[in-house]
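Only one structure is covered here, and it is reproduced in the block below.
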């Protein structure tokens, strides 16, 4: 593998100190509140999700502060329960899921050459449902009894009215139902947009990998989220109308766990697959190569989605009420298509002319972290090993490596990657590198040691421990790492604010110089309906062909897929050069 140092582009003058204001003061706010433009809604999703991410991170810092030393107890046990309940809920359902739709709204219509999404007003309605539901659930902290305190899984009978009588629990249930409805409607919109609004020439196997992953994720949303909504409505019915749905005689706790995890495990892939797609967009651009194994990546994504519906009960090994061999085998099997993706990402970088701009740094951080999380997942997939570490900090470390490693690293890769496209300005590269290294080091310092804590027997969800337990040293290290992680977010927020106002102005359609998909064939930022003119779409790399038409024949000859000339997605590249270069003088 060869690597070349990142070449700093010549500084461009900031021709304006701040994006020009059109209309009277306050008109921008009014525009964002009433908008149906998917790019604006994407920004709203991303900003709102980042806000909830900061709230969830603050809750995590309070928990880590509590656990830094034994006997501190600046939080009561009840407050600690509320913190870990809302931390998990916010991070998974109010940050990770909506940030998927933020990227989907901002980028997917551009990538398929569509002027808008299929249902613009429904799209806006979906966002406001999410924001209203998330605010409702989080508002439990303002009630006299505090927020929900039964864990983000809300297992019965703990979540029934006898054990959790507060208003905060009801707000949590209804907030998740409302927010989940917004997610379902957003998925319907994305599926319809991909099926109905692709540009001429944009066949399914010419779509970018990110678009494929959003399509498959949206199908998973339609399969999983209605189950969560039904389970929550049944829980509300039990709490207030005496439904007895979760009584032991009718299935009880095991029935609820099956319903919840039939949603819960597909949810893990609902919030993972889109970020796999982001990484699949970032790596080729900064490796200066086409994606290795495009078709294999698509089929691997389909395989992961299918298998994700068949592994939910591996969360229930400890109950003894599930068929262990089947669910263990399915869990091991899901590692195969995931391994295919790793093979393709590494194959894309192999012998590439790699440059290490901030998006690429976060993409590599994603690969390293997610790989380590997957290795601990192999341990947990085996029931005999899982029984020894279940409900310990080993499990906490595993799912943070998998989820943080996937969602947060890929989120930042996507933001740094598409920020110039959406705003017309670059983010600060030095602050970006500082952000990456503080995030990477802070994360691994926080969660690597938690594997050892779990192996030594520290249970999760405990608000305190004894000095004689021997957990003090590793907990102190973990807390130091968590505060370093918190500092990294200050860097990111300042970078985003500073770059939006004063960042280096983008003057070209493709600021990274090697963009493949259609969003790099329009202006930065794009016009209201995305394109002034669409280039011809002959393969899965239309923007690259537009900007480098003289490379068409070589790209066909060196295609990884080894298609025969005249067949497959790259066949049109063999047309006479007079046709292939017809759009040479095209400008977007």
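First residue shown is number 1, and so on along the chain.
Cβ atoms here come from the backbone N, Cα and C positions, even for glycine.
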Query raised in the report: Which range, 434-454, 455-475, does Swiss-Prot list as transmembrane segment?
Result: 434-454
Query raised in the report: Which of the binding-site residues 87, 398, 400 has its Cα closest in space to the Cα of residue 315 (Cu cation binding site)?
Result: 398
Query - C-alpha spacing of residue 269 (Cu cation binding site) relative to residue 400 (Fe(II)-heme a binding site), in angstrom - result: 14
Query - Distance from residue 87 (Fe(II)-heme a binding site) back to residue 265 (Cu cation binding site), taken between C-alpha atoms, in Å - result: 18
Query - the transmembrane segment (43-63) in contact with the transmembrane segment (477-497), cutoff 8 A, at least 3 CB pairs, sep 6+ - result: yes
**Report entry** Long-range Cβ environment of residue 314 (Cu cation binding site), under 8 Å and at least 6 residues apart
**Finding:** 265, 327, 328, 330, 331, 380, 381, 386
